[in-house]
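Have a look at the structure below before the remarks.
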Amino acid sequence: MSKPQQQSPPSTTTTSPPPPPPSTPPPASSSRSLLSALRRSPVTTLVAAFFLLALFMYGEDVRTLAELSIDDYLYPDADFYNVSALPPLLLPPPTCDLSRGRWVFDNTSLPAYREKECTFLTKQVSCLANGRPDDLWQYWRWQPNNCSLPTFDARRFMEKMRGKRMMFVGDSLNRNQWESLVCLVQPILSKGRKKIVKRGSFNIFYAKEYRATLEFYWAPFLVESNSDNPNFHHIDQRIISPERIESHANNWKDVDYLIFNTYIWWMNNEDIKVRRPNSTSWSDHDEVPRIETYGRVFKTWSTWLEQNVDPARTSVFFMTISPLHNSPAQWGNPNGIKCVKETLPVLNYTKPLDLNHDMRMYDLVAKVAKNMKNVPVSLIDITRMSDYRKDAHTSLYSIRQGKLLTPEQKADPQKYADCIHWCLPGVPDVWNQILYTRILSKSSPPSTHPSLPPQ
């Protein structure tokens, strides 16, 4: 999609000046140019031949070498981005509440990337490719009331990530945010030096030049459940084990940044099916009030963090509620159908919307985070800002059971419109902008070049 002509913002809000664009990175070094020449020479073929000969002759002795591609030996790591030479990053003061503000129309600095240019996007969130006729949802910048968010600088961020692992843990909304982050960083990475590997509960994006990974791990309840297979699960059959977490949590060890969420999977019923202690069958379960079960899960989760996470190495974040927009009367459109045909945010507001969130769950997580003793948990409050974005969901321009909606399904939006997930580029980019701000606001230990997941 080519960039549209300068569009006139809706006459609802006074716009603030857009944030300045990221600074231009320094030029590549002469050694990079030399290596580029070598790649076009017979030296490449010679190195490859020796590599294959070693594999043939020594087999097990070069197993770890075989896990890397030839490119890992011919291509250097990314040149260090001289962050210290840039103007100081203007970060908001710790006292500024980033969750309170307004959406400002901005077709100058947004979108942060183009849908068609991010080949890693899944069909689920590729709304333009799926036929959405409007694109205004991409052009809204979040402006906190008393400060400003820094523009996401992919090179500055990846320097922070050099040699490190970041993992989003939770449900498909955390995957939505993970996809956004991949699209934000991938333009600065060399072709052939970035890829996604999907394996079981993992989706792993490898940024080879930085020896870094951005990962998503499927655990919709955080604890163990009968829905832990990311591809096969049923809404009406969800059963959880609130005190069992190890099968998931063993995969979270030695990760540098952990970003958790869990909410939407809890919202189908007031009571949750809970597997009985010491049971060997998922059919052996009780029904327990939702908030009670949620509390048990977070006791298990927080205990695991306190016992297994080294706060000197690992930073822990928790994303608050991402809203559903299923009841248009809540934003003054009683004749609407869910979020269908919504093209603008809620702009003229004087108080928060009431979207029927279970705020007991929000408050419970906030209390758990506040009471952590050894491992700080930073809450990233995305709820109110996202409440106003009734326009930005995938709606009828998504997939169901792996396929685009049929005309017959689109004719029944009450049943088939997805007002949970978000089009990309879009709202999750702002979530990542806040995450970026939080990470850069904190000092972090130097890279230890940990062992990354096998590719």
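Glycine residues also receive a Cβ, built from the backbone N, Cα and C atoms like all the rest.
The record in Swiss-Prot lists a disulphide bond between CYS423 and one of CYS118, CYS127, CYS147, namely CYS127. Here Swiss-Prot gives motif 'DXXH motif' for one range in the set 146-149, 314-317, 418-421, 430-433: that range is 418-421. Each of CYS183, CYS339 is a candidate, yet Swiss-Prot gives the disulfide link of CYS118 to CYS183.
Following the DSSP three-state reduction, the secondary structure of ASN146 (N-linked glycosylation site) is coil.
ASN146 (N-linked glycosylation site) has CYS96 nearby among the recorded positions CYS96, CYS118, ASN278, CYS339, counting only those with a Cα within 10 angstroms of its own Cα. Taking CYS96, CYS127, CYS339, CYS419 as the disulfide-bonded residues under consideration, the smallest Cα distance to CYS183 (disulfide bond) is found for CYS127.
Over all protein chains present, the Cβ of ASN348 (N-linked glycosylation site) has 7 other Cβ atoms lying within 10 Å. The secondary structure of CYS127 (disulfide bond), as reduced to three states from DSSP, is coil rather than helix or strand.
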